[in-house]
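Pulled from TrEMBL, these are the features on record:
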DOMAIN    2-209  domain 'Glutamine amidotransferase type-2'
ACT_SITE  2  active site, for GATase activity
BINDING   98  L-glutamine binding site
BINDING   278  ATP binding site
SITE      353  site 'Important for beta-aspartyl-AMP intermediate formation'
């Protein structure tokens, strides 16, 4: 796992060495083990290295072969099989790294090589005046780019894009509205104008100042009900084993829930691994006892860290640096803390993200479906539904619509569209709905890469830890899409072969912290400062009176509004750090 960066000045002006070095240096936390650059007149590549496979200098990047250059972030887990195929075709190798395999695969098959890779990656390939930018199928690894027709800048994180003098920090207010609504910004948008994310399963071809986007993979192509689940266990085992490929120690994030317990159980049956859990003294948010029961049963080398409120609150002030784009998911705090703990013992950790999207694990799928089925009688009774809580307001809003996509968007919104018109001073356009297939499909293509995976990537990379996602293997994703699972029963049947049902059979508990309590207590002075009328007025983005009204309602007991207030506070802290 690493950090990549690059710049192409279409005016023909040579890129200065100190510029690409500063871009790469800004990604040092992603790659603390070394830095490399490549200069070619008006084009340059940068790389920060986190050594995981082939720890020698032969695996340093940027790397070249026959005039083709690559800077690459991630892991291709089936690289040994691809390497053997390339050896049979006459290719030679200088290292044992997967990067060189990716480079030689490109030489052999061109950009079609992406279809052969099983893993997580973002990469830039420079091929004699043509640049390819590519991202893995699920969007585990990030890749941003800025393009204004004169200059192209790309990097693993936005902070590296800020360096070139041609970059303009102009907030895209349509993206801001999306952030306030959902707590994250959906690909391909970012918070800045002319700045985008490469979409998962896509690549860009840049030639002579023109960008062409192409899709090489889409989960939608695999939806069916043809798979009965009989192959699932073996596919899981194969995928999980692949994630152990490393020349450094590997561990597992264990919450005690179905997904992380499945990863731990299937791998612990073959080898003893380290597991990591974060606990809180507030029992409503504490999963540590459940995780310990599973770890004890599996006899893992278990480590748990009980986070004091002081440590969690201190992390709040680190978030704007770690997340250089506005990010409103408060579970970033425990994710960072458990990553920090794990890094003391391992350099790679497996995280069980993706299980909910692939196997219908989110409770709101069933809630929305039930409300949708009852929408007609509820619509007739809507005038008797009280509007004294956000939940009831959302229910009434849902009943004004007649499609499940609207139900889905409303129930997941922090600030609803009518709220945004009230709270924002700046003009914005509402999001144009894309083709909606299902709630699962939408979550896989937006919530998973732009919230969950972004959260884990930034938190783990901030401490130099590589996080791997065993559920997000191509073979599992495609097979699960063909199962069209309505729940996790198939997954649970597999888990119960390795762990007694009584240890993991409990209501789903989100990975969170009591942030809403803190906002009214320890964080209240910070909240009042960042959302003060004077600061809001200076920013010129928010309606001071509207923010004050919402803040007063929240502090006065409208507790459900905590999520709305948190995303506002997070934005204000980000704005102060980066604007």
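For all residues, glycine too, the Cβ spot is worked out from N, Cα and C.
Shown here: features listed in TrEMBL, placed on the structure.
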residue: 2; record: active site, for GATase activity; CB count, 10 Å: 28
residue: 98; record: L-glutamine binding site; CB count, 10 Å: 27
residue: 278; record: ATP binding site; CB count, 10 Å: 29
residue: 353; record: site 'Important for beta-aspartyl-AMP intermediate formation'; CB count, 10 Å: 23
Next item on the list: For residue 278 (ATP binding site) and residue 2 (active site, for GATase activity), determine the Cα separation and express it in whole Å.
Entry: 25
Margin query: Can you tell me the CA-to-CA distance separating residue 353 (site 'Important for beta-aspartyl-AMP intermediate formation') and residue 2 (active site, for GATase activity), as a whole number of Å?
Written below: 20
Notebook entry, point to check: Cα-Cα separation of the residue listed as 'active site, for GATase activity' and the residue listed as 'L-glutamine binding site', in Å?
Noted result: 13
